Ligand SMILES: Cc1cc2nc3c(=O)[nH]c(=O)nc-3n(C[C@H](O)[C@H](O)[C@H](O)COP(=O)(O)OP(=O)(O)OC[C@H]3O[C@@H](n4cnc5c(N)ncnc54)[C@H](O)[C@@H]3O)c2cc1C
Ligand SMILES: NC(=O)c1ccc[n+]([C@@H]2O[C@H](COP(=O)([O-])OP(=O)(O)OC[C@H]3O[C@@H](n4cnc5c(N)ncnc54)[C@H](O)[C@@H]3O)[C@@H](O)[C@H]2O)c1
């Protein structure tokens, strides 16, 4: 059904990790895109899948058959190396653009695009041919070892935490007997979700005609890539444009020994086997931790960033005690300081968590021969030995390293910077001499601009816009981020210190507005009044510089702010937007309403409104 002439290839080839690709949502899965439907503008238009619409497409396809692109000179117009969410997002967009074009030019509505037009018409219309190369499993980090399984574990931890909180339940008038969990059941939930999303992702690409090529992708020279299993016969393909989307792997600092699952055990007794199984992996990264093979009684988490925080939420809800080890002077150093402080008060202090800040974990030795995991700490500033900890397990959450092994960057004179592939604001790769490498782009974790799933995907979409002839620059300051603890933390744009620095450099003032969840009816009805929303803005013109939220469903609430920044909407405009009552969104409504923008800027809004109304 889908013999394609329009193809997008993704090469994904990291064979030392065994997880699948999946997008955090259907948007990444592309299932919806595969069956795009368009509302009928008038009754006279052809009906979905009707014979007349099919004939119409056939005619259109035939009439455009000579409209072939440069694909003739290359095997593909677009080859993507790496089928994580970045590569997947780029591939879907390449195909979606064609669908839009086709619908626009035919005026046909309510048509299941994939079932009617197939790939042939796509190729003829767009002139693109796209493929994706994956060396491991489709979905990359996010689907197999990241966003997806971690959010499944966090869904469990939220419920466990709530069911264990007698005070909270009592306030709602609820009585629940002791909550418990089945570790394997929880692990299965995470694994099954990853599997499901990976399959969705794979099917979505197949359905829309992306060529999925299997094996490690290596760039041989300009516009030339080989792919295939190492040692097996190699396939060489040419592409007008290449996108590198090879992602990242856990970064483990020197001196930290991560143990594997390979040792054999000598005891024949089942008891000792069980004990061994329980202890076999004691110094782990998130790749291992997501399998939830064990819930350690006491776990040290090295690094209090996103991964550390989310896992502290999971582990403490499941009964572990946690010790944070953080190199910087405060926990959660990546967040706005005021939000970190509040988060510490709610997410750390009342839980079974202690912490050491301003220290490096220099040496970590896995549990062996009945001895626990040992962690040697040194003072981050003086480098003097500080302490030695003994714990049941250690999770290393000290950031991620870009993955570019086997990519053949040397063949195109590209030198990495701290492992990352250097790119400009359009994701165009920069070579060792500082020149742009023609037709070569790098998106997602591998370029290090913003290590988030949706950022990778957005960068991919931006590149597809460019290779399709439309200039596009992604505003990274409009890309939201969220940490899915309970309550959640979310943010977009600048933190207060970053905004102050920018204001000083550029000579403007900043103002801060804040609202509390305590005044929000919905939050109080849920007995979840702990929370804060903070707006950093320019009082002279109403520009939104940053928004930070800590509280229930903060990850969902942030989009009003991120969309406003992306669209250039100012405080004086958005403050008149109407929010349903009672909703958590009213926290943001109050936030924007409480901001004070100079009268002159506010006047321009009123003038615009009058014009529109009139
Ligand atoms: C525990 C955890 C939780 C996370 N949670 C979130 C979250 O909630 N929200 C969020 O936004 N982000 C989250 N992230 C970050 C997110 O997973 C990454 O930012 C995202 O996966 C990056 O996507 P990518 O496409 O750049 O790379 P990846 O997803 O890493 O995909 C790269 C793909 O390329 C393949 N590949 C590599 N080299 C080659 C080659 N030479 N040839 C062929 N194929 C190759 C790999 O096998 C892989 O499939 C989380 C990360 C972790 C570790
Ligand atoms: N919800 C999400 O969006 C989400 C969830 C998980 C991961 N991620 C992404 O994955 C990436 C990796 O997450 P992460 O939490 O590993 O990294 P991170 O950069 O967020 O945090 C790493 C922390 O480890 C500390 N650190 C580094 N080396 C140390 C050492 N030797 N001893 C003690 N502390 C040390 C750092 O100071 C920092 O606070 C992030 O870039 C993040 O964007 C996102």
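Keep in mind that glycine also has a Cβ here, set from the backbone N, Cα and C atoms.
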(request) Check TrEMBL: it lists 303, 304, 305, 306, 307, 308, 309, 310, 326 as binding NAD(+). Then name which of 228, 399, 406, 408 it lists for that same site. (result) 399
(request) Report, in whole Å, the straight Cα-to-Cα distance of residue 581 (active site, proton acceptor) from residue 305 (NAD(+) binding site). (result) 34
(message) I need the nearest neighbour of residue 147 (disulfide bond) among the binding-site residues 303, 309, 326, using C-alpha distances.
(response) 309
(message) What whole-number Å value do you get for the CA-CA distance of residue 309 (NAD(+) binding site) and residue 581 (active site, proton acceptor)?
(response) 32
(request) Can you grab the distance from residue 307 (NAD(+) binding site) over to residue 581 (active site, proton acceptor)? Cα atoms, rounded to a whole Å. (result) 34
(request) From the recorded positions listed here (142, 305, 307, 309, 581), select those whose CB sits under 6 A from an atom of ligand 2. (result) 305, 307
(request) Give the distance between the Cα atoms of residue 142 (disulfide bond) and residue 581 (active site, proton acceptor), rounded to the nearest whole Å. (result) 35
(message) If you count other C-beta atoms within 10 angstroms, which of the recorded positions 142, 147, 307, 309 is the most crowded?
(response) 142
